[in-house]
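For 24-54, the entry in TrEMBL reads compositional bias 'Basic and acidic residues'. Annotated phosphothreonine per TrEMBL: THR57, in sequence order. Under the heading region 'Disordered', TrEMBL lists 24-59, 165-194. TrEMBL lists 191-206 with the feature region 'Promotes stable association with the 40S ribosome'.
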Amino acid sequence: MMMMMKKKEEAEVKPEVKISEKKKIAEKIKEKERQQKKRQEEIKKRLEEPEEPKVLTPEEQLADKLRLKKLQEESDLELAKETFGVNNTVYGIDAMNPSSRDDFTEFGKLLKDKITQYEKSLYYASFLEALVRDVCISLEIDDLKKITNSLTVLCSEKQKQEKQSKAKKKKKGVVPGGGLKATMKDDLADYGGYDGGYVQDYEDFM
(Lines of atoms letter the chains of each structure in order from A and count residues from 1; the text may use other names and numbers.)
(Lines give C-alpha, C1' and ligand atoms only; values in the text may rest on other atoms or scores of the structure.)
Protein backbone atom coordinates (compact mmCIF):
# COMPACT_ATOMS: atom_id res chain seq x y z
CA MET A 1 0.00 0.00 0.00
CA MET A 2 2.83 2.37 0.89
CA MET A 3 4.60 1.62 -2.39
CA MET A 4 1.47 2.43 -4.38
CA MET A 5 1.14 5.75 -2.58
CA LYS A 6 4.81 6.56 -3.25
CA LYS A 7 4.44 5.84 -6.98
CA LYS A 8 1.33 7.99 -7.05
CA GLU A 9 3.23 10.87 -5.43
CA GLU A 10 6.10 10.52 -7.94
CA ALA A 11 3.61 10.54 -10.80
CA GLU A 12 2.11 13.74 -9.43
CA VAL A 13 5.53 15.41 -9.06
CA LYS A 14 6.72 14.75 -12.65
CA PRO A 15 4.20 17.05 -14.37
CA GLU A 16 5.23 19.81 -11.96
CA VAL A 17 8.86 19.41 -13.08
CA LYS A 18 7.85 19.62 -16.73
CA ILE A 19 5.71 22.68 -16.05
CA SER A 20 8.63 24.27 -14.18
CA GLU A 21 11.01 23.66 -17.13
CA LYS A 22 8.53 25.11 -19.59
CA LYS A 23 8.11 28.11 -17.33
CA LYS A 24 11.87 28.68 -17.27
CA ILE A 25 12.07 28.52 -21.07
CA ALA A 26 9.14 30.91 -21.39
CA GLU A 27 10.76 33.32 -18.95
CA LYS A 28 14.05 33.10 -20.83
CA ILE A 29 12.33 33.88 -24.12
CA LYS A 30 10.45 36.73 -22.50
CA GLU A 31 13.70 38.17 -21.12
CA LYS A 32 15.36 37.91 -24.52
CA GLU A 33 12.40 39.67 -26.11
CA ARG A 34 12.61 42.41 -23.50
CA GLN A 35 16.32 42.91 -24.19
CA GLN A 36 15.69 42.92 -27.93
CA LYS A 37 12.92 45.47 -27.57
CA LYS A 38 15.25 47.67 -25.56
CA ARG A 39 17.93 47.42 -28.25
CA GLN A 40 15.44 48.25 -30.97
CA GLU A 41 14.21 51.27 -29.05
CA GLU A 42 17.78 52.51 -28.64
CA ILE A 43 18.49 52.04 -32.34
CA LYS A 44 15.22 53.73 -33.28
CA LYS A 45 16.07 56.65 -31.01
CA ARG A 46 19.48 56.99 -32.63
CA LEU A 47 17.89 56.91 -36.07
CA GLU A 48 15.46 59.68 -35.20
CA GLU A 49 17.69 61.79 -32.95
CA PRO A 50 21.47 61.39 -33.33
CA GLU A 51 23.33 61.40 -30.02
CA GLU A 52 25.97 63.78 -31.30
CA PRO A 53 24.27 66.66 -33.09
CA LYS A 54 26.49 67.60 -35.99
CA VAL A 55 26.11 68.62 -39.59
CA LEU A 56 26.26 65.60 -41.86
CA THR A 57 26.29 65.46 -45.62
CA PRO A 58 23.43 63.54 -47.29
CA GLU A 59 25.89 60.71 -48.04
CA GLU A 60 26.99 60.53 -44.40
CA GLN A 61 23.39 60.55 -43.18
CA LEU A 62 22.53 57.69 -45.55
CA ALA A 63 25.61 55.71 -44.49
CA ASP A 64 24.73 56.19 -40.81
CA LYS A 65 21.15 55.03 -41.35
CA LEU A 66 22.31 51.99 -43.29
CA ARG A 67 24.79 51.13 -40.54
CA LEU A 68 22.12 51.36 -37.84
CA LYS A 69 19.71 49.34 -39.97
CA LYS A 70 22.35 46.63 -40.33
CA LEU A 71 22.89 46.63 -36.55
CA GLN A 72 19.17 46.18 -36.02
CA GLU A 73 19.00 43.29 -38.50
CA GLU A 74 21.98 41.61 -36.84
CA SER A 75 20.35 42.08 -33.45
CA ASP A 76 17.11 40.50 -34.71
CA LEU A 77 19.02 37.56 -36.17
CA GLU A 78 20.98 37.04 -32.95
CA LEU A 79 17.78 37.00 -30.93
CA ALA A 80 16.21 34.45 -33.27
CA LYS A 81 19.27 32.21 -32.99
CA GLU A 82 19.30 32.40 -29.20
CA THR A 83 15.54 31.80 -28.97
CA PHE A 84 15.57 28.68 -31.14
CA GLY A 85 18.95 27.41 -29.97
CA VAL A 86 20.65 27.78 -33.34
CA ASN A 87 24.44 27.71 -33.22
CA ASN A 88 26.70 29.41 -35.74
CA THR A 89 28.13 26.72 -38.02
CA VAL A 90 31.49 27.62 -39.52
CA TYR A 91 32.78 26.09 -42.75
CA GLY A 92 35.87 26.34 -44.95
CA ILE A 93 38.97 28.19 -43.79
CA ASP A 94 37.38 29.53 -40.61
CA ALA A 95 36.46 26.00 -39.52
CA MET A 96 40.04 24.75 -39.82
CA ASN A 97 42.49 24.51 -36.95
CA PRO A 98 45.59 22.98 -38.60
CA SER A 99 48.09 21.11 -36.47
CA SER A 100 49.74 18.46 -38.68
CA ARG A 101 51.68 18.84 -41.96
CA ASP A 102 48.70 17.53 -43.95
CA ASP A 103 46.39 19.96 -42.17
CA PHE A 104 48.61 22.88 -43.09
CA THR A 105 48.87 21.64 -46.69
CA GLU A 106 45.09 21.61 -47.00
CA PHE A 107 44.87 24.94 -45.19
CA GLY A 108 47.37 26.41 -47.66
CA LYS A 109 45.35 25.19 -50.65
CA LEU A 110 42.21 26.83 -49.33
CA LEU A 111 44.06 30.08 -48.65
CA LYS A 112 45.60 30.03 -52.14
CA ASP A 113 42.20 29.49 -53.77
CA LYS A 114 40.74 32.30 -51.70
CA ILE A 115 43.52 34.79 -52.44
CA THR A 116 44.26 34.05 -56.11
CA GLN A 117 40.69 34.79 -57.16
CA TYR A 118 41.70 38.46 -56.88
CA GLU A 119 44.94 38.15 -58.92
CA LYS A 120 43.54 40.31 -61.75
CA SER A 121 43.18 43.26 -59.41
CA LEU A 122 45.43 46.30 -59.82
CA TYR A 123 46.31 46.11 -56.11
CA TYR A 124 47.04 42.37 -56.01
CA ALA A 125 50.86 42.59 -56.17
CA SER A 126 51.15 45.29 -53.49
CA PHE A 127 48.68 43.34 -51.35
CA LEU A 128 50.84 40.20 -51.58
CA GLU A 129 54.00 42.17 -50.82
CA ALA A 130 52.48 43.56 -47.63
CA LEU A 131 50.92 40.21 -46.70
CA VAL A 132 54.15 38.22 -47.07
CA ARG A 133 56.08 40.80 -45.08
CA ASP A 134 53.51 40.83 -42.29
CA VAL A 135 53.18 37.05 -41.97
CA CYS A 136 56.96 36.53 -42.10
CA ILE A 137 57.89 39.21 -39.59
CA SER A 138 57.94 36.77 -36.65
CA LEU A 139 60.00 34.07 -38.42
CA GLU A 140 63.58 33.14 -37.59
CA ILE A 141 66.41 34.12 -39.98
CA ASP A 142 66.87 30.54 -41.25
CA ASP A 143 63.20 30.23 -42.13
CA LEU A 144 63.25 33.61 -43.85
CA LYS A 145 66.26 32.51 -45.91
CA LYS A 146 64.39 29.39 -47.07
CA ILE A 147 61.43 31.48 -48.19
CA THR A 148 63.73 34.02 -49.88
CA ASN A 149 65.59 31.25 -51.75
CA SER A 150 62.32 29.73 -52.88
CA LEU A 151 61.14 33.08 -54.25
CA THR A 152 64.53 33.65 -55.94
CA VAL A 153 64.26 30.29 -57.74
CA LEU A 154 60.71 31.15 -58.79
CA CYS A 155 61.88 34.53 -60.10
CA SER A 156 64.69 32.89 -62.13
CA GLU A 157 62.26 30.42 -63.69
CA LYS A 158 59.87 33.22 -64.64
CA GLN A 159 62.74 35.17 -66.25
CA LYS A 160 63.77 32.12 -68.33
CA GLN A 161 60.20 31.63 -69.51
CA GLU A 162 59.93 35.30 -70.45
CA LYS A 163 63.19 35.19 -72.47
CA GLN A 164 62.08 32.05 -74.31
CA SER A 165 58.74 33.62 -75.10
CA LYS A 166 60.39 36.78 -76.49
CA ALA A 167 62.82 34.69 -78.60
CA LYS A 168 59.93 32.77 -80.17
CA LYS A 169 58.10 35.99 -81.02
CA LYS A 170 61.27 37.39 -82.59
CA LYS A 171 61.68 34.35 -84.84
CA LYS A 172 58.08 34.62 -86.01
CA GLY A 173 58.65 38.28 -86.97
CA VAL A 174 61.59 37.53 -89.38
CA VAL A 175 60.62 37.33 -93.11
CA PRO A 176 62.70 34.61 -94.84
CA GLY A 177 64.15 34.96 -98.35
CA GLY A 178 64.93 38.64 -98.82
CA GLY A 179 62.39 40.62 -96.87
CA LEU A 180 60.17 43.20 -98.61
CA LYS A 181 61.37 42.69 -102.20
CA ALA A 182 60.97 38.94 -102.00
CA THR A 183 57.49 39.34 -100.56
CA MET A 184 56.47 41.71 -103.40
CA LYS A 185 57.85 39.33 -105.96
CA ASP A 186 55.92 36.41 -104.54
CA ASP A 187 52.72 38.44 -104.39
CA LEU A 188 52.99 39.59 -108.04
CA ALA A 189 53.84 36.09 -109.20
CA ASP A 190 50.42 34.99 -107.98
CA TYR A 191 48.86 37.21 -110.67
CA GLY A 192 50.12 35.26 -113.69
CA GLY A 193 53.77 36.11 -114.13
CA TYR A 194 53.56 39.90 -114.12
CA ASP A 195 56.24 40.12 -111.54
CA GLY A 196 59.11 40.69 -113.99
CA GLY A 197 58.40 44.24 -115.07
CA TYR A 198 57.07 45.69 -111.85
CA VAL A 199 59.61 44.15 -109.60
CA GLN A 200 62.45 44.97 -112.02
CA ASP A 201 61.36 48.62 -112.13
CA TYR A 202 61.19 48.64 -108.35
CA GLU A 203 64.68 47.16 -108.07
CA ASP A 204 66.10 49.67 -110.62
CA PHE A 205 64.51 52.49 -108.67
CA MET A 206 66.01 51.19 -105.42
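Glycine too: its Cβ is placed from the backbone N, Cα and C atoms.
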*Which state, by DSSP, holds the residue listed as 'phosphothreonine': helix, strand or coil?*
coil
*Can you give the mean pLDDT for the region 'Promotes stable association with the 40S ribosome' (191-206), rounded to a whole number?*
46
